[in-house]
Amino acid sequence: AVCVSLLGAANIPPHPLNLINFMEMIRYTIPCEKTWGEYADYGCYCGAGGSGRPIDALDRCCYVHDNCYGEAEKIPGCNPKTKTYSYKLTKRTIICYGAAGTCGRIVCDCDRTAALCFGNSEYIEGHKNIDTKRHCR
């Protein structure tokens, strides 16, 4: 199937630079009928913040991604949300470039792992926009 992105035609506010890379990875791995935005407020961890126990496999992808970013932030001067990096989308996978252990490579690996996890996890409509105060303790 061929997916056509209308992202460029949408009225979308600017995002931190790294999120553009991450969004592209997500679009590459998820089913065509989904948009990256549908993953932005899902479960207890997909989107801003996070608390409690992940509610399913997809939410666990976001939980692991949050923790991965936390590890990257331990590198002096490394801000995962703004750090850009080099990568290639090819043959149903994602290749990260750069020296192992550098901020850019670690952040790319975090995003790559999460995007591939999204593509392999079931999206449950009822877990979108949940009441996090009630379900994420």
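Positions of Cβ are set from backbone N, Cα and C atoms, glycine also.
Computed from a predicted structure; not experimentally measured.
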Ask   = Which cysteine out of Cys103, Cys108 is the one Swiss-Prot pairs with Cys96 in a disulfide?
value = Cys108
Task = Please name the cysteine among Cys3, Cys32, Cys110, Cys117 that Swiss-Prot pairs with Cys68 through a disulfide bond.
result = Cys110
Query = Which cysteine out of Cys78, Cys136 is the one Swiss-Prot pairs with Cys103 in a disulfide?
reply = Cys78
Key: Candidate from Asp66, Asp109 that Swiss-Prot assigns to the same Ca(2+) site as Tyr45, Gly47, Gly49   = Asp66
Query = Counting all other Cβ atoms within 10 Å across every protein chain shown, which of the disulfide-bonded residues Cys46, Cys78, Cys117 scores highest?
reply = Cys46
Structural state of Gly47 (Ca(2+) binding site), classified by DSSP into three states = coil
Remark   = Cβ-Cβ distance under 8 Å, sequence separation of 6 or more, same chain as Gly49 (Ca(2+) binding site); the residues meeting this, in order, are none
